């Protein structure tokens with residue numbers, strides 16, 4: 001890749017070695033011939049810009065500076081105490097011990113670890129964490145995401161499917177270009193709030209949450225690294241300097257402006273006219289020259305090799321850089337008209353593998369019948385920030401005055417129409433062959449997955465709270481009971497707990513299987529146990545789950561601590577601790593059931609792939625009046641069925657409902 005300016009290299013010397021390597025691979029010669037330099041934010045991230053953000057912020061009359069105002073006050077991620085972690089581990093392992101001897105072996109392994117390598121690794125981790133506000137950040141980003149080689153779709157990215165707009169907004173909802181205009185215009189308003197730093201800090205239960213993800217949300221992309229590095233990178237650009245989005249249509253990409261030359265957001269009419277032009281251009285162009293997005297569906301090592309080939313040509317290079325620099329991507333899937341929850345979920349999750357650019361951090365989707373959704377690349381952002389964004393977008397769309405909005409769309413606001421620009425790529429025979437291979441691999445990979453949506457309308461959070469339980473903990477019990485009914489055993493179960501109360505916090509594992517959950521599912525399936533005792537076991541298990549999840553959110557889980565300790569091992573250490581090599585230790589974190597909750601009254605779908613090919617991925621939402629789980633697995637690999645789990649989820653939810661209602665009636669008669 002060409003170096004654009006000699007000053008860049010001197011700036012790079014001030015960066016850490018790993019950052020220099022990543023940044024060096026990203027320095028480019030833009031078609032605009034404007035030099036870009038790495039600038040460090042207050043959060044320690046680096047973005048590429050002609051001028052630092054402060055230059056633009058000082059010129060914004062509405063700049064407030066509140067979005068990131070609490071960042072320096074956030075606590076650093078703590079290193080848990082070793083004894084506490086080992087004690088918690090023993091509690092979580094007990095349900096998987098079939099006899100006393102097995103559990104006693106785990107106790108001996110923990111004792112050996114606590115007396116030998118454990119304290120050494122703990123001291124190393126504390127020393128490593130001493131000058132870092134988040135000791136896990138680099139390890140987690142690289143090892144959990146950037147070094148992961150499987151295709152990021154379907155295996156890493158996650159999606160939201162938006163509910164249809166109310167009937168009185170059908171003029172907007174049923175016209176895909178009008179709907180796309182509304183989405184783009186609304187997201188631009190959100191971007192303006194980011195530029196003004198007027199977005200309020202998220203406060204959860206009185207605690208400010210880390211807002212770092214919002215500085216990394218727009219004008220960013222995952223980037224294939226060098227083949228020899230076996231690792232991807234992330235690249236970030238100034239949110240103030242790149243006022244355009246990328247539109248995907250019929251497998252091609254177009255640059256669509258969102259602001260005028262004075263940094264003023266374009267009108268709805270100017271956005272709509274550009275979208276109309278994209279569709280017109282797309283219908284006239286040669287489809288054989290598209291399909292570049294398919295390459296982002298490849299395993300990462302294959303994509304890195306093809307990426308090198310693409311970057312040899314300056315035309316393709318400029319087009320890729322434009323996509324990376326764009327605020328976000330909007331995919332027009334005008335040949336798709338999903339109706340069922342499963343159809344909508346699949347289109348948002350993976351689509352056709354052609355009309356996407358999976359490396360792009362944010363992709364909104366609009367289909368031919370106006371159905372909309374969202375796909376997120378996961379490496380630098382977890383779900384809560386993008387949930388916030390999508391909630392905002394859907395909320396604003398639901399508030400639109402249809403007549404006023406349609407008038408804005410059809411009324412020209414400028415005599416000079418902005419013209420979108422198709423992003424050209426030079427497709428050599430080698431690249432063409434890679435595109436064909438990518439599309440074949442994509443179809444095969446997606447074909448291995450089953451997806452079924454469990455949307456349960458009998459009750460929701462209102463009913464659960466009335467019976468004194470946390471809705472999240474309750475649905476975890478429904479899942480445990482359904483799995484136990486289906487497979488006659490419990491499986492290691494993961495629930496994501498947010499640690500955003502800490503600086504650059506992401507997630508910790510909530511272990512859903514416990515002695516309490518084993519007692520609950522065992523008693524529930526035992527016909528000799530009285531209903532009152534079953535309900536007591538249910539409530540006790542739910543309470544225990546809430547306690548564990550609270551500890552996890554406070555940074556005091558088990559799994560991230562073990563992850564950190566493993567990273568403290570050195571090549572000259574005598575041996576790997578026996579605990580880390582133990583089959584049961586490793587089985588306990590083999591997430592055969594992976595779960596996570598992100599809920600919105602504006603979504604009718606949310607999901608992602610299973611974490612382990614032998615298990616299920618269960619993404620769930622909780623509404624006041626309904627429950628929703630997106631069920632995904634690989635049936636041929638796992639030998640399990642999404643349809644059967646769907647059945648047992650309904651059976652479990654029905655039985656618990658009947659038991660709670662009947663117990664209430666019994667008590668009322670006393």
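These residue numbers are counts, starting from 1, taken along the chain as shown.
Cβ coordinates are placed from backbone N, Cα and C, and glycine is handled just like the others.
Sequence-distant contacts of residue 378 (active site, proton acceptor), defined by Cβ-Cβ distance under 8 angstroms and a gap of at least six in the same chain, are 145, 152, 156, 157, 158. According to Swiss-Prot, the active site, proton acceptor annotation covers 378, on the basis of similarity to another entry.
In this structure, residue 470 (CoA binding site) belongs to neither helix nor strand by DSSP; it is coil. The CoA binding site feature in Swiss-Prot is assigned to 461, 465, 466, 467, 468, 469, 470, 471, 472, 498, 597.
If you take the C-beta of residue 494 ((R)-carnitine binding site) and look for same-chain residues 6 or more apart in sequence within under 8 angstroms, you find 509, 510, 511, 512, 591, 593, 594, 595, 611. DSSP gives residue 494 ((R)-carnitine binding site) a strand state. Per Swiss-Prot, (R)-carnitine binding site is recorded for 494, 507, and the stated evidence type is similarity to another entry.
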**OP:** Give the three-state DSSP assignment (helix, strand or coil) for residue 461 (CoA binding site).
**Re:** helix
Subject >> Among 461, 465, 466, 467, 468, 469, 470, 471, 472, 498, 597, the record's CoA binders - longest CA distance, Å >> reply: 26
**OP:** Please report the number of other Cβ atoms within 10 Å of the Cβ of residue 597 (CoA binding site).
**Re:** 19
Original post:
What count of other C-beta atoms do you get within 10 angstroms of the C-beta of residue 461 (CoA binding site), across all chains shown?
Top reply: 20
Original post:
By CA distance, which of the binding-site residues (461, 466, 468, 472, 597) lies nearest to residue 507 ((R)-carnitine binding site)?
Top reply: 597
